[in-house]
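Student: The transmembrane segment feature in TrEMBL is assigned to 41-65, 77-99, 120-138, 144-164, 171-188, 200-218, 230-249, 269-289. The domain 'Sugar phosphate transporter' feature in TrEMBL is assigned to 43-340.
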Amino acid sequence: MSRAQLTRTGILRMALGGGGADPLLPAEGGGGRRAPFLLRALRIAVVVCLYWFTSIAMVFLNKYLLDSPSLRLDAPLFVTFFQCALTAALCLGLSLGAACGPPCAGLPTLRLDPKVSRSVLPLSAVFIGMVTSNNLCLKHVGVAFYNVGRSLTTVFNVLLSYFLLKQTTSLYALLACGVIIGGFWLGVDQEGAEGTLSWTGIFFGILASLCVSLNAIYTKKVLPVVDGSIWRLTFYNNINACVLFFPLMMLLGEFRTLYHFDKLGNPSFWGMMTLGGVFGFAIGYVTGLQIKFTSPLTHNVSGTAKACAQTVLAVIYFEETKSFLWWTSNLMVLGGSFAYTWVKGLEMRKVEEDPNVKSSERNETGV
């Protein structure tokens, strides 16, 4: 979302743990008998595969919509706007389907409250920056380099935790961040050596990393406004985003671009747009599933492995040839992300198991 996965894990863990059970996710067994090992292993394997498929497919679909030579649509804000509108519509549709019984029976009723919408507005501004810069980064860099281009989320997490929340980070976690930064700069250097470097893409990749970190902080602040419901927050966030995107699209001339776009009446184009929006909506759900059936730490490890598979698939699909140092930069980013996740997981476990640690210290480590 490694990189965005770390922040998305924090948001979803807070939503699934602190904001009540997710009505779309299977309920965990209480004191009943646990499922047989093979059944649990199969269930976890299916959930992990579903997460991998959804996440990788979403990236490739967005790359096609944003930068396909056959499509030739230079309207990244419109693509993002459409996905936000579809997400809001899906949230509303699921809410209306609550009257039909399982599996949507526990979904909160969604209605647009202007007061709540205004309270969510600061998060929506950050959210727009996050999704737009993510898509603009993907538009200007290759899918293979996309993971490295926006790999500084973990670094910004540490910086913002220190400057905004006054939280310090352990030496081992800082060393892992150093490895990520080293891999990022090596990747930039190798992209330049191969003649495929886009400084515009690098800029938006760094901006995306910053916005993902800010999004996590603002999400935690805004969740109480929607009674801790991640579904209500998603609904209001995307409704606000749709409204805010209109002046931006007008300012950048995207309505004029759409007017002259020769495939605007093509059903195949709208089919791909809809599919991309559905995958964008589904990624939050399958991420929650993976955390639910494994753990936040396992989810981050899975996300790191998925990023590696995504890079390899992109190199094969686009028939690219990469140098040894280019692959080294990817391994440094992935290895640093994995090491940071592992270190923070050990620190959180140590704090949770220590009865002498104050609750405030527990909260700081959890963030």
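The backbone N, Cα and C atoms fix where each Cβ goes, glycine too.
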Student: Most CB pairs under 8 Å with the transmembrane segment (269-289): which of 41-65, 77-99, 120-138, 200-218, 230-249?
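Tutor: When the Cβ pairs under 8 Å are tallied, 41-65 comes out ahead.
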Student: On average, what pLDDT score does this prediction assign to the domain 'Sugar phosphate transporter' (43-340)?
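Tutor: In the predicted model, the domain 'Sugar phosphate transporter' (43-340) has a mean pLDDT of 90.
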Student: Have the transmembrane segment (77-99) and the transmembrane segment (200-218) got at least three CB pairs under 8 Å, pairs 6 or more apart in sequence?
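Tutor: Contact criterion not met.
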Student: Looking only at the recorded stretches 41-65, 120-138, 200-218, which one has the largest tally of CB-CB distances under 8 Å to the transmembrane segment (144-164)?
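Tutor: Maximum Cβ contact count belongs to 200-218.
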